[in-house]
Every structure is written in structure tokens, then in C-alpha cells.
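Chemist: Sequence annotations record features per position, and here TrEMBL assigns Ca(2+) 1 binding site to 25, 27, 67. Here TrEMBL flags 253, 257, 297 as Ca(2+) 2 binding site.
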């Protein structure tokens, strides 16, 4: 989504040198750092990190951590990480919070491809010397543990084919469990954690056709505890991730004292994927552009960096 420098103009050595220059002297030149990193793609950022380490024998992320602070430092550090490593860090931080943020973990498990999830789990194991599933089992209990371990352990089929007979059968199973409020039944977790996205969306569509309302509306009848919240998040991430992310952004911006963690997470993780479509959906549903909303609810270098990723400079 950010305006990316063309390959012909890109020089990782020059970028590394300019970032180092921005960090020297009496004060850090945050604008210079934003003008570089806010306009580089995944491949370019990786080359800049390698060049920085080769020239200065220092880790670029450590340099940024020493020179910057607050929401801006966190956001630009997340952006500079490789996606799998970033998601591993986000999952770990989500579990370390006083009240764990299960949304981040469900997003990682349910919005990417099976290969994406596998890469995150490898990165998590490399970072923390434990598996993601092991930590989920340690930090959670009961139904939420069953759900989170199941969706993160899955390696779903990633094709477009689906079985309509299975969709009919499992739409009935889901309706029965929702109607009887048996949300913690193993069948619901089995379906959500093992079926492909194509199969699940066929099931969700048939559910709506047969029963006259979406499965997400059916799930609204459950309690407001962590398990039900994670269950609804999983369904939304699988059925319509762009709509889900637009809603997360709206909630983050509109809540008292903006939720910077959620705001940063969505913009940074979707910037090189589907942020353009999320922005369009946000405007359509809120009658205000995401650029304007972010500009109004954030400030300083943090605001400037997010707007760079949004392509709104």
C-alpha cells in the first residue's frame, strides 16, 4: 500500500548508510527513517538489514530500538521484521499480556495460507525455543485452549474445491450446536480447525441460505467470554477477512484512547497484502477515509509512519 521506491532507484547500501546517518548526532532524524523504511517492500527491507549488518556489524532493529521510542519505535520495528518473524513476535506478545489478546493469534492462524502459518510456527520455535502450540497450551485452559491449539496445529487444504454434501451436513451440525448453545462441542472446533477455507465458506453460505441468517449472527447469542470471542473471530477471519480487519480498525480508532496495538498490527501486517481493499471497505462502512481517521487519532512520528504505509503522504 505504501508508495514503494522502484528497483532501479533502490540501493540497500545507500539506504543503510542514510539510516545510520539519521541516527547519529544530537538527535535522531525520524523523518529520514520514515522516508526510507516507509517506502520499502519486504525484499528491499531484508536487503537493507543485511547491508546494515555488513557495513556496521550491528543489527538494524537494535539500532532502531535504541534511537526511537513509544508506538513509533514498535511500529517501525514490526514493519522491518520479516512477516513470519513479525507474526511470531505478535503471537508471543499477545500471550504475555495481563489479559491475553487472542484476536492476534486467531488472525495469524485463520487469515494466511497453510504455508504462512507453518513459517510463523518455525519462526516462533526459533525465537523462543518452544512451539507456539506448547505456549498456547501453557497460557490457556478449557475451551479456549482447545480452539487455539486446534487452529494453530492445522495444515488446511488450500485449494478452491469443496464438497457440497459435506457443506450441507456440517451446516446442520453447526446450526444444531449454535441452536442448542453447545459451542464448546468438539465437532464445532473440528470443523473450524480442519476444513479448508473454501469448504468452510461453502458451509457458511449454505448455513445462511438454509437458516436465514449468517453464522456470525448466530454466534452473537453466546456469552461474551474469551472462547466465544475467539470463536467469532475465527469465523470472521475465514469468511471475510477484509471486513473483519476494517471492523478491527474502526474499533481501535473509535475506542477511548486509541488501541495503538491493534491499529499498528492491522496496518503493518496487511500493508503488503490487502490494505487497499480494507481502506475502500473502511470508507464505505464509516463515511470517512482510513487516512483521515488515522490522521485525527494519532500524532507525531507514529502518525507520519502509519500514513506513509497507507500511501497518504
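Placed from the backbone N, Cα and C atoms, the Cβ positions cover glycine too.
Automated prediction, rather than curation, is the source of TrEMBL annotations.
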Chemist: Using the CB centroid of 253, 257, 297 as the Ca(2+) 2 site centre, which other residues of the same chain sit with their CB within 8 A?
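Modeler: Apart from 253, 257, 297, the close residues are 252, 254, 255, 256, 258, 259, 260, 263, 298.
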Chemist: So of all those binding-site residues, 253, 257, 297, which one's Cα sits nearest to residue 25 (Ca(2+) 1 binding site)?
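Modeler: Sorting the binding-site residues by distance from residue 25 (Ca(2+) 1 binding site), the top entry is 297.
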Chemist: With a radius of 8 angstroms around the mean position of the C-beta atoms of 25, 27, 67, what other residues of the same chain does the Ca(2+) 1 site pick up?
Modeler: 22, 23, 24, 26, 28, 29
Chemist: How many other Cβ atoms sit within 10 Å of the Cβ of residue 67 (Ca(2+) 1 binding site)?
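Modeler: Around residue 67 (Ca(2+) 1 binding site), other Cβ atoms within 10 Å: 17.
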Chemist: Compare the C-alpha of residue 27 (Ca(2+) 1 binding site) with the C-alpha of each of the binding-site residues 253, 257, 297, and give the closest one.
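Modeler: Given the candidates 253, 257, 297, the nearest one is 297.
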Chemist: Are there any residues at least 6 positions away along the chain from residue 297 (Ca(2+) 2 binding site) with a Cβ closer than 8 Å to its Cβ? List them or say none.
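Modeler: Long-range Cβ contacts: 253, 258, 263.
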